[in-house]
Amino acid sequence: MTVKDIPFWRVLLIFQTARVYAGFGDPREAITIIHQQHGKPCDCAGGYVITAPTVYLATVSCSSHTAYQPSDSLKWRCVSNPTLANGENIGNCPCQTFKESVHSSCYTTYQECFFGNKTYYTAILASNRAPTIGTSNVPTVLGNTHNLLSAGCTGTVGQHICWNPKAPVHISDGGGPQDKAREIAVQKRLEEIHRSLFPELRYHPLALPKARGKEKIDAQTFNLLTATYSLLNKSNPNLANECWLCLPSGNPVPLAIPSNDSFLGSNLSCPIIPPLLVQPLEFINLINASCLYSPSQNNSFDVDVGLVEFTNCSTTLNISHSLCAPNSSVFVCGNNKAYTYLPTNWTGTCVLATLLPDIDIVPGDAPVPVPAIDHYLHRARRAVQFIPLLVGLGITTAVSTGTTGLGYSITQYTKLSRQLISDVQAISSTIQDLQDQVDSLAEVVLQNRRGLDLFTAEQGGICLALQEKCCFYANKSGIVRDKIKALQEDLEKRRKEIIDNPFWTGLHGLLPYLLPLLRPLLCLLLLITFGPLIFNKIIAFVKQQMDAIQAKPIQVHYHRLEQEDNGGVYLRVS
């Protein structure tokens, strides 16, 4: 068959056929698109719901709310955690039976009550819930007895239900008061260990009593942004050439991604920090998730860190000693709390993770709305497409945020905020010095009293008799006076700045009193100035109209009456 034998319509059909490419494509792009639709857990891309979903893939605690990833939409839906009602104590408990634990999704508010010299929690039951093992309907059996992860709630809806303030080991109430009490207990225990090993260090990320260069943020946050930009510049220089690094306002919640580090130390060389709330990502997609498990000893010395509910543990490593996280890694345990050190008597399950800051990237060529213009023009702010840090760094387990909109800048309030924080810190420090002075004085008085009671002054003094290492009076009254004097000088300086302002000192101090009278005086002055002119104009206009009316002639129109002669007969009398 030659070319001439091929019909023309076949040739036309060949040229009109669209080119089709076959293949699965880059899986990293698919993961990025999926995460752009899902968002981060605490962003609540699926919105807030009243009741928690019955079937979900993972759950993440976000302090004030709990995020659930349901199996139908995969967007994180959030449920607000119950709060302590007004009048936190109602007296005697309205229940006769008390449960060990009640899930937080079964009530909205709770109160404290007493029964038998013990404190319990009580609330009105809003719904029933069956206890679950593992993450929803995915069972995760750990050990022989401690396998229940999520508590339930059974009873009559609309009636009071009471339960213990302390949950059993390895049982979670879904971010309710029992989980918060467990977190506080673990935090206190870690703080005790930290105080016994390291000196106390006071630092507040927002306290800037003095200017620290041109930056308007604290040094720690600035160093974090600098390190993030350096890493971004090495991994993706095109994006780092011109971009914005955006930090969310409020308490930071870092991102936790799985770590491949398998080295676990048991010494105390690692830093000990309080439990840190994180957002675990990509753990639900792990095929081989390795978890660390320490069984409970069923005693009061157990430090219950909880069980993980955001991943399925395929392999479990039993641990019976303290753990120190490897460099740049943390242990993420129950209620997605991160730890750098787990004490000897810890119990629960944890996974090893790497933390990254919750920073979003806005490319330099992306249109960013100006908040001030949008505010004054009453326009809705345009959505800014953020690029998550994980995508910018080229990590395959990339995550995108569901955040839209850009927060208002607080640069204008930096000076005022810094000054207010400085004043509050100075007052707080002064009160603390007063308290230290009172404590020191009380200790000295107590030592003298004990020494006088024992009559041991002749044996070398009270300190030697009592074998006290510290026997002096820490007089901080001078420091208190200096700080109060500094505050007074600062206030006097501000008053002087106000007094030196010509706006308030003009006319020998009479200007502030004359300002309220300025408006009526101005109105009176305008009336006196332009009143006669306006009055003359009105009089002239009226006179002109009257003259025009008088100048017009009066026209009178009349007609002669017609006389009608009928030609009648007249009688003539002679």
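From the backbone N, Cα and C atoms, a Cβ is placed for every residue, glycine too.
For ASN117 (N-linked glycosylation site), the Cβ neighbour count at a 10 Å cut-off comes to 5, with all displayed protein chains included. Residues annotated as N-linked glycosylation site in Swiss-Prot, with sequence analysis given as evidence: ASN117 (among others).
The N-linked glycosylation site feature in Swiss-Prot is assigned to ASN233 (among others); the stated evidence is sequence analysis. DSSP assigns ASN233 (N-linked glycosylation site) to a helix. Other C-beta atoms found within 10 angstroms of the C-beta of ASN233 (N-linked glycosylation site) number 14, with every protein chain shown included.
Per Swiss-Prot, N-linked glycosylation site is recorded for ASN260 (among others). Taken residue by residue with DSSP, ASN260 (N-linked glycosylation site) is part of neither helix nor strand, so it is coil. Within 10 Å of the C-beta atom of ASN260 (N-linked glycosylation site) sit 8 other C-beta atoms, taking all shown protein chains into account.
According to Swiss-Prot, the feature N-linked glycosylation site maps to ASN267 (among others), an assignment based on sequence analysis.
The Cβ of ASN288 (N-linked glycosylation site) lies under 8 Å from the Cβ of SER314, THR315, each of these being in the same chain and 6 or more residues away along the sequence. In the three-state DSSP reading, ASN288 (N-linked glycosylation site) counts as coil. Here Swiss-Prot flags ASN288 (among others) as N-linked glycosylation site.
ASN298 (N-linked glycosylation site) counts 11 other C-beta atoms within 10 Å of its own C-beta, drawing on all protein chains shown. According to Swiss-Prot, the feature N-linked glycosylation site maps to ASN298 (among others), an assignment based on sequence analysis.
The N-linked glycosylation site annotation in Swiss-Prot covers ASN312 (among others) and is backed by sequence analysis. Secondary structure at ASN312 (N-linked glycosylation site), taken from DSSP and collapsed to helix, strand or coil, is coil.
In the three-state DSSP scheme, ASN318 (N-linked glycosylation site) is classed as strand. Neighbour list (ASN318 (N-linked glycosylation site), Cβ cut-off 8 Å, at least 6 residues apart, same chain): TYR293, SER294, PRO295. Sequence annotations record features per position, and here Swiss-Prot assigns N-linked glycosylation site to ASN318 (among others).
The annotation N-linked glycosylation site is assigned in Swiss-Prot to ASN327 (among others).
According to Swiss-Prot, the feature N-linked glycosylation site maps to ASN345 (among others), an assignment based on sequence analysis. Contacts of ASN345 (N-linked glycosylation site) defined by a Cβ separation under 8 A and a same-chain sequence distance of 6+ are given as GLN297, PHE301, ASP302, VAL303, in order along the sequence. ASN345 (N-linked glycosylation site) falls within neither a helix nor a strand when secondary structure is assigned with DSSP, and so counts as coil.
Sequence annotations record features per position, and here Swiss-Prot assigns N-linked glycosylation site to ASN475 (among others) based on sequence analysis.
Within the model, the region 'Immunosuppression' (446-462) carries an average pLDDT of 64. Here Swiss-Prot flags 446-462 as region 'Immunosuppression'.
Per Swiss-Prot, the feature signal peptide maps to 1-22.
Residues or ranges marked as topological domain 'Extracellular' in Swiss-Prot: 23-514.
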By Cα-Cα distance, the member of glycosylation sites ASN233, ASN260, ASN298, ASN312 nearest ASN117 (N-linked glycosylation site): ASN298
Integer Cα-Cα distance in angstrom, ASN312 (N-linked glycosylation site) to ASN298 (N-linked glycosylation site): 25
Distance [Cα-Cα, Å, rounded] between ASN298 (N-linked glycosylation site) and ASN260 (N-linked glycosylation site): 32
Alpha-carbon spacing, ASN260 (N-linked glycosylation site) to ASN233 (N-linked glycosylation site), which is rounded to whole Å: 24
